[in-house]
Amino acid sequence: MERLQGLLLWLLLSPSVVWASRGPLRPLCRPVNATLAAENEFCPVCITFTTSICAGYCPSMVRVLPAALPPVPQPVCTYRELAFASVRLPGCPPGVDPIVSFPVALSCRCGPCRLSSSDCGGPRTQPMACDLPHLPGLLLL
């Protein structure tokens, strides 16, 4: 009987040991490449470009008794260090600024969501798309 209990315990624990040795099941917060769209209502086309954004899993906690205590702030994957780059929208009429600037993630961290610099709305059901005709490629400055 003792041997059977030991075998059962080994069977229950062995998958978790294998999973733990491979690291987390979800990728942790880090810079990843993403394709974004840029447009201006006064310019005739929309362009797509690739930049790095912060994405990934941040450990979080949910209270067991949510009604008794205030909610726990949930951390999000956000910028630690960033730089800015720019693209030029082609075909803009004179007097319209054709330059669109965007952040480039250099490093990321888990922390509170700052609405001034981040979109904290969660995953999108539809990717960002252009309203104007799309011009493939990019023109980095």
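Glycine is no exception: its Cβ is also placed from the backbone N, Cα and C atoms.
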Whichever of CYS43, CYS46 is disulfide-bonded to CYS92 when Swiss-Prot is consulted: CYS43
From CYS46, CYS58, CYS108, partner that Swiss-Prot gives for the disulfide involving CYS54: CYS108
For CYS92 (disulfide bond), the one of ASN33, CYS54, CYS58, CYS108, CYS113 that lies nearest, given that the recorded positions are compared by Cα: ASN33
DSSP-derived class (H/G/I helix, E/B strand, else coil) of CYS54 (disulfide bond): strand
ASN33 (N-linked glycosylation site): nearby disulfide-bonded residues from CYS58, CYS77, CYS110, CYS113, Cα cut-off 10 Å: none
